[in-house]
Amino acid sequence: MAKPISTNNTKISKYIASTQRPDGTWRKQRRVKEGYVPQEEVPVYENKYVKFFKSKPELPPGLSPEATAPVTPSRPEGGEPGLSKTAKRNLKRKEKRRQQQEKGEAEALSRTLDKVSLEETAQLPSAPQGSRAAPTAASDQPDSAATTEKAKKIKNLKKKLRQVEELQQRIQAGEVSQPSKEQLEKLARRRALEEELEDLELGL
């Protein structure tokens, strides 16, 4: 709230009148210089750019407001309304990439189907012509799952054999003077691991 300023004509000086505080006590009257503006009345500083943009009209000079009425945007050819050239180009690229990916997946699926059907015809040469041409899409997924399972088992067995060989080399080199019970069991299982690996590799 602006404080009332009273002028003393004899001394030509101004005074800010005494005011009451919220707790009931009074503030003293203060003398101020000529030209003093209370803090509440000081305008907020604005630089020249802010002043320029505030004074700038919304429309260019001479343009009527009717001419700026919003026009319903027409949908441009091949794309979303209001997209830039770059955005349209990016949309086309994404669409093309998606189509190529779908095409690649379809080709991979057809290749695996052909491969499976060829394997089945090679395994069953005495099968009649009609049964050879039957689609094998249903049996493709379990077969591939079994193949990946076998590949995992082979990889695991090779790892175990490698560990057994490393352990044997360490024992021969003298790094392990007294092998533990588990290490001896591992060495004893070597032949069984090799046989299992051979069986799996022949099964593939």
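Glycine too: its Cβ is placed from the backbone N, Cα and C atoms.
It should be emphasised that the depicted structure is a prediction, and the values quoted were computed from it without experimental measurement.
According to TrEMBL, the protein has these features:
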- 1-32: region 'Disordered' (REGION)
- 1-22: compositional bias 'Polar residues' (COMPBIAS)
- 12-38: domain 'WIBG Mago-binding' (DOMAIN)
- 55-152: region 'Disordered' (REGION)
- 86-97: compositional bias 'Basic residues' (COMPBIAS)
- 98-118: compositional bias 'Basic and acidic residues' (COMPBIAS)
- 138-147: compositional bias 'Polar residues' (COMPBIAS)
The domain 'WIBG Mago-binding' (12-38): mean pLDDT?
85
Helix, strand, coil: count each for the residues of the compositional bias 'Basic residues' (86-97), based on DSSP.
12 helix, 0 strand, 0 coil
Could you break down the residues of the compositional bias 'Basic and acidic residues' (98-118) into DSSP helix, strand and coil, giving a count for each?
21 helix, 0 strand, 0 coil
Looking only at the domain 'WIBG Mago-binding' (12-38), what are its DSSP counts of helix, strand and coil residues?
0 helix, 9 strand, 18 coil
